[in-house]
């Protein structure tokens, strides 16, 4: 069975050389591997959270689609579609919203960062916070779960959202008594190439130090390479290749043999002007054919639209049967005669508490104890590997709940093993609320022990 890998493409801004080397090129290369069903989508609904300029959103969709196609994405081999062309995504988003606890969304990093910024400014915590920003992780979960993606490659800043998608999928599966959703695996992109910008810092639009991918043509590329900051060593003086931004850029686009030859030239005293020209020529050799294709595509948006519509049709063939199944599961299926409905076996209500494990954004492993209604009752300390976390989950089930779970202070409680706190309960409003949560957590552990 093939592995489904899903990649979302944010449709804000114009791609630069760093985007290509760090995300576009490796994703396209990965899509050609045997045994992989690759899904790529333009996340234009997500773009509306960050941008309220319709012209910019529309232009960015065109540029991003043209860029990925020009860079070698094969729409015949992969499923390439636009998020807004798949109505099943928004329908699933609502079904998932109805089972997602608000407390889970309260912990999302983007939301918490906005609240912290507002606190620093002395304004209301939710000032300027839209429901789009607040519920963004649910839409992301719908993007992933609709196609039952097995793997989702992300940077560390997105790990939490993937873990939330797993949590939401588990809650839905548990509530409606079937494994409707595959739990997606977080694939952290550890080897993502980070290119230096014109000033040596990470290439980023935020630093205004980017090298254009296609924008400005060959002249724009040449102009950018000429503006790369170098040290003051003169022609004839040996250069330190490892400390050179020029060398790092050259190495990212050259073969090992080419890279070694360029390094030798720098160490033998090649002037910075000649080095910049060599970098430009090496980049242009790769980018010129892609740029030509990009210009053709940008000038023919109808062709891109046809490709995206074909991709949407392909995607919806997979999405529609699942959504029909989910509609039936939640009671939104077609009306049936009373006799037919009576003949159907009643779905067994899901009443069990459960542990769920997840990987934190720093790479450590944790687990949560959830009540039957999905409320979080415990969150563990971090562990170096999943076996440690799993062993402690099993031990907690074997311990007497009254001994394992004890009050931490007036408004919180913790799980104790071997004299150490290994997990913490949520902070309550007062001692009475804490006692109620503690009793609920003990009941959940007892239920797990009896299962």
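From the backbone N, Cα and C atoms, a Cβ is placed for every residue, glycine too.
For residue 10 (ATP binding site), the same-chain residues that are 6 or more apart in sequence and have a Cβ closer than 8 Å to its Cβ are 43, 46, 47. The secondary structure of residue 10 (ATP binding site), as reduced to three states from DSSP, is extended strand. Among the features that Swiss-Prot reports, ATP binding site is placed at 10, 11, 12, 18, 19, 155, 156, 157, 195, 202, 203, 204, 205, 206.
Residues or ranges marked as L-tryptophan binding site by Swiss-Prot: 143. Annotation for residue 143 (L-tryptophan binding site): same-chain Cβ neighbours under 8 Å, separated by at least 6 residues, are 6, 8, 41, 43, 83, 89.
Look at Swiss-Prot and you will find 11-19 tagged as motif ''HIGH' region'. Distant neighbours of the motif ''HIGH' region' (11-19): 42-44, 46-47, 50-51, 56-57, 60-61, 63-64, 67, 194-195, 197, 202-205, 210-215, 249, 283; these residues of the same chain sit at least 6 beyond its ends, with a Cβ under 8 Å from one of its Cβ atoms.
Summarised as a single figure, the pLDDT of the motif ''KMSKS' region' (202-206) averages 85. Under the heading motif ''KMSKS' region', Swiss-Prot lists 202-206, citing sequence analysis as support.
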| message | Just checking a number: largest C-alpha distance across 10, 11, 12, 18, 19, 155, 156, 157, 195, 202, 203, 204, 205, 206 for the ATP site, rounded to a whole Å. | response | 21
| said: A 10 Å Cβ contact count, applied to the binding-site residues 12, 19: which residue has the minimum? | reply: 12
